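Copied over from TrEMBL:
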{"type": "DOMAIN", "residues": "3-386", "note": "domain 'Major facilitator superfamily (MFS) profile'"}
{"type": "TRANSMEM", "residues": "37-57", "note": "transmembrane segment"}
{"type": "TRANSMEM", "residues": "69-88", "note": "transmembrane segment"}
{"type": "TRANSMEM", "residues": "94-115", "note": "transmembrane segment"}
{"type": "TRANSMEM", "residues": "127-149", "note": "transmembrane segment"}
{"type": "TRANSMEM", "residues": "155-176", "note": "transmembrane segment"}
{"type": "TRANSMEM", "residues": "209-228", "note": "transmembrane segment"}
{"type": "TRANSMEM", "residues": "240-262", "note": "transmembrane segment"}
{"type": "TRANSMEM", "residues": "274-293", "note": "transmembrane segment"}
{"type": "TRANSMEM", "residues": "305-329", "note": "transmembrane segment"}
{"type": "TRANSMEM", "residues": "341-359", "note": "transmembrane segment"}
{"type": "TRANSMEM", "residues": "365-385", "note": "transmembrane segment"}
Amino acid sequence: MLVLAILWTAFFVINFNVAMMLPLLPFIQRDIGLSASEAAMVLAAFPVVALASNLALGPFIDRLGRKTFIMTGGAGCAVVLTATALSGSAFPIIVGRAVTGLFMPMIGASVFAAIADYIPAPNRIRVTAYVTTAAPVAFLMAMSIGVFLGGLVAWQLPLILLAFICLVLALAASTLPATDPAALAKGPVTRRTYKDRLLSLSLDASTRLLLPAYFCWAAAVVTFMGLYPSWVIQHGLAKHSVGTIGTMLLLGEIGGLFGAFLSSRLGQLFRNPLGLCATAAIALAVVVLIVPFGTGLPFFQAGAYAAFAFGRDLMMALMLGGAMLLVGAAQRGSLNAILNALYQTGAAVGGMVSAWLYAFRADFIANSAVAALLFVLSGVMLWNITRIKTPVPVHV
């Protein structure tokens, strides 16, 4: 239970860190006087540095153990987030977000690899499902806390709150058992280590399909979700109040909680859990395609968004849990790090595509069509994995 709580908190921290900047940015702009370019740099600094950090950290996590990096990342984030909250101008805030991009991936690239370290193989998919429920909870809390504290009190408070949680995470992680030496990579980390690790992952047919499938999923999610709130407010439910729309989105995200919770139980209905993941991808394609045709229908939009959130978090849990079954113990950190990097890259690409498509067609049909295509591509690749290899529990 303690291990589950620690890993849940770790995944919560990762998602809260990203989500909180969206509601806080307007209040930072108001108090600090950020220009448009400075505001863009505040948002971009973390994902740009985190992308490189994820790719660099993988072999070190496999070599030194997941516990070490969760502790180091938590302590480092606690210090950097506190320093960022104390900043009074644009430059130190941008630097703070960039340095957070060095420490936060230490946590992110370790979470799901650590599940395989501490949880018996038969229970890993179920525990992964529980851990991924932290994502919708973090999103809900970041939005509400960000608006409430940032608007009514001070934008610094959510940063300080997250810094405190990171410190608690670091202290709690120190109580975890050391990673079994048999599950650690041997030898020094060199340039050849990166080459061999990436080559071994790319040569395996299953991981070779999993990586682009995960990228397509991330890009699809953000292509749809990035401008969906704007479309709903401006066109989809323009005659309804912002409070009604906010409630709809809040209830929809609860669907994500159910998706994560039920992923393990539903996955048992399939020979391979990635088979359910592939099925969910096709279902999501259908859901996002019909959304633009529900203009002016709040109950329709609420149901569609809840179905989207359900499928989104169901897929996340199954892909991250299934991924760790495709590689040996000494490669889990590297695979986890690469998946994190692909998620951030896919989200960045999806965000840009979402904005361009919405500018091209304000009726949201273009966003829905491209997101649906990406979901279908992800589903096809995931289904092909199930025809190659059935995950075999690794008891290490």
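Numbering starts at 1 and runs along the chain as it is shown here.
Using the three backbone atoms N, Cα and C, a Cβ is placed for every residue, glycine included.
Remember, TrEMBL labels are computer predictions, not curated facts.
With a threshold of 8 Å between CB atoms, the same-chain residues lying at least 6 positions outside the transmembrane segment (37-57) that come near it are 17-18, 21, 25, 28-29, 69, 90, 93-95, 97-102, 104-106, 108-109, 333, 337-338, 340-341, 344-345, 347-348.
Packing against the transmembrane segment (341-359) from elsewhere in the chain are residues 47, 50-51, 54-55, 211, 214-227, 230-231, 366-367, 370: each is 6 or more residues past its ends and has a CB under 8 Å from a CB in it.
Looking only at the domain 'Major facilitator superfamily (MFS) profile' (3-386), the predicted model's pLDDT averages out at 83. Long-range neighbours of the transmembrane segment (94-115) within the same chain, counting only residues 6 or more positions beyond its ends whose Cβ lies under 8 Å from a Cβ of the stretch, are 3, 7, 10-11, 13-14, 17, 21, 38, 41-42, 45-50, 53-54, 57-58, 61-62, 66-67, 69-70, 72-74, 76-77, 80-81, 83-84, 87, 124, 127-128, 131, 169, 176, 320-321, 323-324, 332-333, 335-337, 339-340. Non-local neighbours of the transmembrane segment (365-385) in the same chain are 205-206, 209-210, 212-214, 216-217, 219-221, 223-224, 227-228, 231, 272, 274-275, 277-282, 284-286, 288-289, 291-292, 315, 319, 326, 353-354, 357-358; each lies 6+ residues outside the stretch with a CB under 8 Å from one of its CB atoms. Looking at which of 69-88, 155-176, 209-228, 240-262 has the most CB pairs under 8 Å to the transmembrane segment (274-293), the answer is the stretch 209-228. Outside the transmembrane segment (209-228) by six or more residues, the chain places 201-202, 281, 284, 288, 291, 305, 308, 312, 315-316, 319, 322-323, 326, 338-339, 342-347, 349-351, 353-355, 357-358, 364, 367-368, 370-372, 374-375, 377-379, 381-382, 384-385, 388 with a CB less than 8 A from a CB of the stretch. Same-chain residues lying 6 or more positions outside the transmembrane segment (69-88) and placing a CB less than 8 Å from one of its CB atoms are 6, 10, 13, 17, 32, 57, 60-61, 96-97, 99-100, 102-111, 114, 156-157, 159-160, 162-164, 166-167, 169-171, 173-174, 176.
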